[in-house]
């Protein structure tokens, strides 16, 4: 009967992308001392199932949104850790660097014992008895080292100062750890849901960073490949246009040469015709002049004859 589920899709901005990738801190830290309450965005397992099915055919790149979400959360956690460290530095008495190093050694052994005990409980729950016994042997060795480190630390400080509880901030979950915490307390902390939840969140953040970096590199390569293909196509078009222009120029020059040859042939023909006309004209003029001279000569001769006849008649 939920109408919201029917009208919303996993790609909606109101849906928590970290929930779709199963890494939302609100889900991981639920029920712990740092329970964040309900997430402001929509959490729905059905939408996660829809996303898992759709992501097989299409890359929605939701890892970037989830990475930003986890980075913001871890950055806040790291700031709280730094603030807690400064508060401890202000409240606890100052000790020398040598004594601080010895106390740090005790803290390191405490963490090692706590992690090993948490591992023993997990192996025991899985039924791996032999491996659990081997880890317990390592725990005993670490306890011996811890007693030795505590003895060294106790001898370097006055008894009144040693009785004070020395605290340390966990780098993973920003919780306080005591220098004199017993093994049960350490095992509960390092095997608890809060500490393991922060480990899960930090590991998921590193995984998302690798995935986003790989996808961005892949996209950059594809973008570079498309750019190279586009440049190759542009060069091909330019080469074709140049070849076409060369062909056009050649055809134009060929047509121009043909036109020039035709014009030259026409000019030669015209000149030949004009020469022939001139020759004919000269020939005609010569013929006309000859005929005129002949007619003139004839006229003169006839006039002479007539004059002679007149003279003879008169005589």
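Note: Cβ is positioned from N, Cα and C throughout, glycine not excepted.
If you check TrEMBL, you get these features:
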COILED    74-152  coiled coil
COMPBIAS  217-237  compositional bias 'Basic and acidic residues'
REGION    217-315  region 'Disordered'
COMPBIAS  238-301  compositional bias 'Basic residues'
COMPBIAS  302-315  compositional bias 'Basic and acidic residues'
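Taken residue by residue, the compositional bias 'Basic and acidic residues' (217-237) breaks down under DSSP into 21 helix, 0 strand, 0 coil. For the coiled coil (74-152), the mean pLDDT of the prediction comes to 81.
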